[in-house]
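**Student:** I have a structure here, written as structure tokens, and I will follow up with some questions on it.
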Amino acid sequence: MSATRIGSRISLRNLKPLRASQHNQKRVGRGQGSGYGRTAGRGMNGQKSRSGPGIKPGFEGGQTPITKLFPKRGFVNRNEKTWAPVNLDRLQHWIDEGRITSSPDKPITARELLLSGCVHDVHDGIKILGDGAQYFKTPIYITPSRASKSAIKAIESNGGKVVCKYYNALALRDCVKGRTDRIEAAPTRRDDIIWYGRMRNRGYLSPGTLQKVGPLPFVQERWKTLAADLGSRTNAKMVSALPVDAISDPTRSLLELYDANQDIDEFPAKVTAHFADIFASKDAFSEIPSIHTVDPRQRDRCLVSFRAMIQDTSPSPEMYLAKRSGGRCGGWGLSDDASSEDLDYADLRECTIVWAVNIPGESEWVASEVDGPSGFSRSVLPETHPHKFPELGAPHLGVQVKIYDSSRAESLKSTDVATLVGILTFEPMSTGLETDNDPPQVPTLHVLFSRPLPLPMVPRAFPYSPPKSSIEALRDELISWIATEGLAGDKDAAEWVLLNVIGRVQSRTPPLLPPSLTLSKFPSLPLQSSTPSLCALLSHLLPTIVTLPLSLDFLNTSPFAPESKYEELWSGRLQLPHGTACVVTEGGITEGGLVEKGIMNLRTLQAMMTNQTLEYAFPFSTFAFQTDTHMNVPLGVDTSKSAELYKSVKLPSPETLAMFRELIGGAKVGSVTIGDTVAEYIQEDFVKERKAAATPAEAITSDHLIHRMTVARLLTLSMHQSEVSTDIWERVKALETTRQARLDALGTQ
């Protein structure tokens, strides 16, 4: 029967409810024969026989319901431990009251804390917390189960020692009762072994902790035995948390970490976090070999560190097999020779490839100060692709870098400087071109984690307090040394050089850029290969400095800006990391003509000096990248002082030179404010000078005011002060007056 015919028969007349969907109301009180007479089936007595609200579901007559007897709501961690917290202020109060004492022979344990009433229950162990660290002044010796980072720092800063020791329930009971006839418990869970094996936790299984507190009497031989035993086990499938294991065999550490974390999507981030945590301390990080000391052709897959500048981020990403056959770890140079038929495309992931070079213009003293006495600046690796290094013809190291953690790769851009730590191999260079020839073999670094380098590269403090003299005296000594050794005794020029080298980009909108400095009456180069003494002098003060010896041939042939060619980025002379000093010498320029390339180079140099931007040339467009470089241009005018300006530099004592570097580096990272009173003073002074001008052409403009404000900030930073004062403003005006007078005198000659 069709639906049309069925629909035509439905009407209000024949519409009925579904069978058994309705029931008659229950009738009660209709006599004994009805079955629901008298009490209507509710019984004689009780709550259920009355009318009114019913009984809630789960009510069991007043006894404790089963839902309260056996509660279960949310996740319950069976391995969770409840620590008995002890804050440092409470511990100091107990010490002051004489209720608890410690010594190297008898450290504070859970027993002493419980018997003295410092804690009322030891629970699963004692945890020392850092609250009230400012009141903690007594050196103590203590062995809790756990201790926070702030508590460890406070205890050790006061000359105390803290060692975190593992206790299970039985061992903790023996400790509280003072029993020493039973052998101490040892951790069996992987998480406990790792935690107590870390130096940063002051775990008693850490070789670093044992070395730090080893001479103390309470350090037992069993602790050293356990540390050696648990740290050398290879069949437990545990992740090694010791830096020495990661350095000796990084591949094994990577595979062990993968066995514990086999989610291929989250594994790259876990690798970054794990190895960064292992080498978090300065001592552990300094143990990583430098890339300059390892040749992957002789020793493959070594863990190395590379302090580098990112030169090229344009190479295409590479696909790698994140999970190899048998579920093994892939990536970081680990691969199978699998055919396309056996390949599971669901296991393919993408890694970012960049090209990195050693930092151009890096001064020789930086390696030893950043990496320690074992720092190296010369590499045993072969030099490849010289067109990808800004200083053409200079010794350098170029490395292909593969980054598997996408979050870290996205943050890197051209000219960024960072310390890359990873596994070094020798692999074919990844190119975006399909050619019949095999790509060249190049050093390849598979990054495990990275550390961005600060600006400047050598960490400095602001404000700086010299150990032997005032900051003003040290500043005057620095200016005198620059003037004597680099500027033929000109202290005015030396002060401007100091202000120039500490400048940096303060803001892009509005533009507060570091001023460029032009030194007039600078003689021409005595020889074509000569370098002004000022360049050598600045190389002893600044982490990075380059020299551009301008000549007609140099301008017409050398690339100043990076350019994309053949699917890769060719470097330019001005592709420099932020904070680099650039000395542009014009003494080599003679009569002749500039070709189109030379004119473009001059425009590029002028744009970088004026706007702090550098245009990268791509096949169909250009893109301006932001820079932060202070330019210093000695002009060749006078030839009477060549002997004083082109000579060997006499260095001060190492202690004085170190203080000079601290002063300049600290000034570069400092910040300056202008108070309301000084701001009002500057405004009134500006209006007064405009009114005092004889003609409108002689009146100072807003550009002059911005320039003076910039110089005032730099002068304040050079004095390691945090606020511009009226005295500094008057000093800036005096500097400007002297500078303008010398410019006027130069124009009349």
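Backbone N, Cα and C atoms are what each Cβ position is placed from, and that goes for glycine too.
Look at TrEMBL and you will find 30-44 tagged as compositional bias 'Gly residues'. Residues annotated as domain 'Large ribosomal subunit protein uL15/eL18' in TrEMBL: 85-163. The region 'Disordered' feature in TrEMBL is assigned to 1-67.
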**Student:** Within the compositional bias 'Gly residues' (30-44), count helix residues (DSSP H, G, I), strand residues (E, B) and coil residues, in that order.
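**Tutor:** Across the compositional bias 'Gly residues' (30-44), DSSP assigns the residues as follows: 3 helix, 0 strand, 12 coil.
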**Student:** Reported in the order helix, strand, coil, what are the DSSP residue counts of the domain 'Large ribosomal subunit protein uL15/eL18' (85-163)?
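**Tutor:** The breakdown for the domain 'Large ribosomal subunit protein uL15/eL18' (85-163) reads 27 helix, 15 strand, 37 coil.
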**Student:** For the domain 'Large ribosomal subunit protein uL15/eL18' (85-163), what's the model's average pLDDT?
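**Tutor:** Taking every residue in the domain 'Large ribosomal subunit protein uL15/eL18' (85-163) and averaging pLDDT yields 93.
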